[in-house]
Amino acid sequence: MGGFTGQSEVSVSQGIRMMFYVLYPNETSFKNVEDVPDYVEKATVYFFIMLILEMIISWAWKGQPLRINDGLTSLSAGVFSRLPDVAFRGVEVASYIYIWNNYRLIELPWDSPWTWWLTFLGVDFGYYWFHRMAHEVNIMWAGHQTHHSSEDYNLTTALRQSFIQKYFSWMFYWPMAFCIPPSVFAVHIQFNLLYQFWIHTELINNLGPLEWILNTPSHHRVHHGRNPYCIDSNYAGTLIIWDRMFGTFVPEKEKVLYGLTHPINTFEPFQVQIQHCVLIWNTFWATPGFSNKLSVIFKGPGWGPGKPRLGLPEEIPQITGEEKPYDPKSAGYLQCYGMMHFLLLLAVYVHMFEAKLILTPATLLLRIGYILLTLTSLGFIFDKRPKAALLETIRCLLFLFLQKYDYMTTDVPYLRIINEVTFSICTAAWGLKAVKEAIERTKKLE
């Protein structure tokens, strides 16, 4: 989430239970917001354990291996979304603290179970309305559509997040800041997010009576569907009761087809993040009339002049059964290459967050730039773009430069030498490929 520095240990038992919101007030109550652990960061190991388990079970049970290109794109979006947290405390908590410090009306006790449970309900209620508006207000959808852009539905999809979305969500939690201490809010805003990880799976079917109260994989599959019956439904975070109360609940019926109604057809991370912002910009200037221009921003993504606020249901593309996910086939060695370099990138990413307080601004900026370049280059490779080889050559050269001048460091013995050898080989291989492709393009022009 960014900005949490609490050093409280999270046991293995607590780590597992926090993924399902099964923790007790007496073990997750803190007097000061600075004492609240960064539960999301501590959950990283559990994310990957659950991801690996899902991959194994899905492959062994259903014969459905993970699509590496789509899965890595989702993980890339998760990395992308957290980069602003290197420099800034999470805007949700920072804005909450400001209101609490300046405008609170009463101060509920931070160590009361009643405060804990009230905050649980308040955060989940705020999330429901934020999530609903993120689908019903076009400018907010620009931040949320990233999460819906995957055409697969698995645990990697849960990590496909937008770096823009957090700048809209904070206002929906403001009312609690008039009475609920920031430390209690900071706990629940993290647990609410963590709970939503495990429901992104096709491996769990109906959960019986729990389906009436909790948001479950079945309910959330509907939310991610692009079938007409799935659109604008099941906004719950933890409790599905809000959808039942406000008329947005839809049960799972026919097989769900996942993704956007108009697929983006790319694995390039910047397009995954901002393609709808570009669409809004172009539509804004192409739409006549000032009031219509405002409607482009503040009405639904499906709105157009003369249409209802949320657009016309009949314009939602029907499912024919012939739909195929965007999937340019990559050779097995390229998929292994992508996974290997993403794991190497994660080491850079994790170290940057751990050492952000002692790294110089120049080092932080260079590492952020390298991370974004790596994510982009992997996207180019999986998209099979013409300049992929050239971009990957530049990326590998940049890594060697950064390591040589100590902008990339490691505490692991011999890893520096291994990196130097690996990236030198990659530079040569991709460089040769880039030269060969350039020669072939030149011949075609002659």
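Our numbering is plain: 1 for the first residue shown, then up by one each step along the chain.
Each residue, glycine too, has its Cβ placed from N, Cα and C.
Non-local neighbours of the transmembrane segment (43-63) in the same chain are 15-16, 18-19, 154-156, 159, 194, 197-198, 201-203, 350; each lies 6+ residues outside the stretch with a CB under 8 Å from one of its CB atoms. What Swiss-Prot records for 43-63 (among others) is transmembrane segment, and it gives sequence analysis as the kind of evidence.
Residues 25-26, 28-31, 168-169, 172-173, 175-176, 180-181, 183-185, 187-189, 191-192, 235-239, 242-243, 246 of the same chain sit 6 or more residues outside the transmembrane segment (110-130) yet have a Cβ under 8 Å from a Cβ within it. Annotated transmembrane segment per Swiss-Prot: 110-130 (among others), in sequence order.
As annotated by Swiss-Prot, domain 'Fatty acid hydroxylase' applies to 118-248.
Across the range of the motif 'Histidine box-1' (131-135), the DSSP-based residue counts are 5 helix, 0 strand, 0 coil. The motif 'Histidine box-1' annotation in Swiss-Prot covers 131-135.
Feature annotation from Swiss-Prot assigns transmembrane segment to 167-187 (among others); the stated evidence is sequence analysis.
Counting residues of the motif 'Histidine box-3' (220-224) by DSSP class, helix then strand then coil, yields 4 helix, 0 strand, 1 coil. For 220-224, the entry in Swiss-Prot reads motif 'Histidine box-3'.
Summarising the annotation, Swiss-Prot assigns transmembrane segment to 339-359 (among others) and lists sequence analysis as the type of evidence.
What Swiss-Prot lists as transmembrane segment is 362-382 (among others), and the listing cites sequence analysis. Beyond the ends of the transmembrane segment (362-382), by six or more residues, the same chain brings 68-69, 72-73, 76, 79-80, 83, 86-87, 266-272, 328, 330, 334, 337-338, 341-342, 345, 348-349, 352, 356, 388, 391-392, 394-395, 398-399, 402, 407-408 to within a C-beta distance below 8 angstroms of the stretch.
Sequence annotations record features per position, and here Swiss-Prot assigns transmembrane segment to 412-434 (among others).
Remote same-chain residues near the motif 'Histidine box-3' (220-224) are listed as 148, 153, 157, 196, 199-200, 202, 230, 233-235, 250-252, 256, 258-259 (criterion: CB distance under 8 Å, separation of at least six residues from the stretch ends). Sequence-distant contacts of the transmembrane segment (412-434) (same chain, six or more residues past either end, CB-CB distance under 8 Å): 344, 389-390, 392-393, 396-397, 399-400, 403. Counting residues of the domain 'Fatty acid hydroxylase' (118-248) by DSSP class, helix then strand then coil, yields 85 helix, 3 strand, 43 coil.
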